[in-house]
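Listed features, source TrEMBL:
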type	residues	note
DOMAIN	1-167	domain 'Tyrosine-protein phosphatase'
DOMAIN	89-158	domain 'Tyrosine specific protein phosphatases'
DOMAIN	233-356	domain 'Tyrosine-protein phosphatase'
């Protein structure tokens, strides 16, 4: 099919195996070349990123060579959704950046859930760029008229809304403000999804999928609630990390547990490379240095540190240029050097701990 239709780009949205089940047969060599019937497939090179892999293939038949680029997204669970829309949006932008006149082939395991969601995202964004209009409902209905069960679950339909909003926020498309609606609540999206299913006369959600979706929402709410209970260590009660994204602090006998208001942010090609946190508060400055110490942080980038003068919720966490050291609980922070630049200050610190 790739050879006959002259396909130059393939989007793969499934892993070869998921939950101990084979989801897709590997149709490219691990290295070098491999024959599949009358076609030889060569893997020339590949690039690994945090959430996807780009493979550069060559198909050879009768001495003729056809180049194919495979975009393999590896962070999308079957019947589920990615944990964040941003990685998928960046992936879609990479795929769409190199426009080809030949067909784009998209597949997952069954070719409906993840495949439908990705194609719907592309269609909606292309339509928005061309017309300035966004109509997610109609786009999914049209897809289901062509192939049953496209965008298979209510969770995927809800995620599609979030992904579209994220993509529009970082796109160059010009949209009229009246065409960008606030994200509807979960129940509204579920009802709209049921309407999509009824239009096509196909109800694709199963009881198991519904139960999993409800359980996921309950667990997420419980995690947020647990974080709200630690509001004394949150500068803003509405800005709290989810348990799945926050770094855990190891607990010492006299410490205040494993919590700190911080999250991991994925880097371009390496997971958990950046940690984002609030400026230390008087009640969290020790946790701040515990975070730095336990995760071997070597570079700190701090903004608005001058607010310590007027904002009583901001604690001093490093010695000033005139000070040699600052004690923060069991941590002694030494000032080795200090450079005052017009745009920023650069300081070299040495941190010593009294903890055993």
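Each Cβ is built from the backbone N, Cα and C atoms, and glycine gets one as well.
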Residue counts (helix, strand, coil, in that order) that DSSP gives for the domain 'Tyrosine specific protein phosphatases' (89-158): 44 helix, 4 strand, 22 coil
Within the predicted model, mean pLDDT of the domain 'Tyrosine-protein phosphatase' (233-356): 86
Tally of DSSP helical, extended and coil residues in the domain 'Tyrosine-protein phosphatase' (233-356): 15 helix, 31 strand, 78 coil
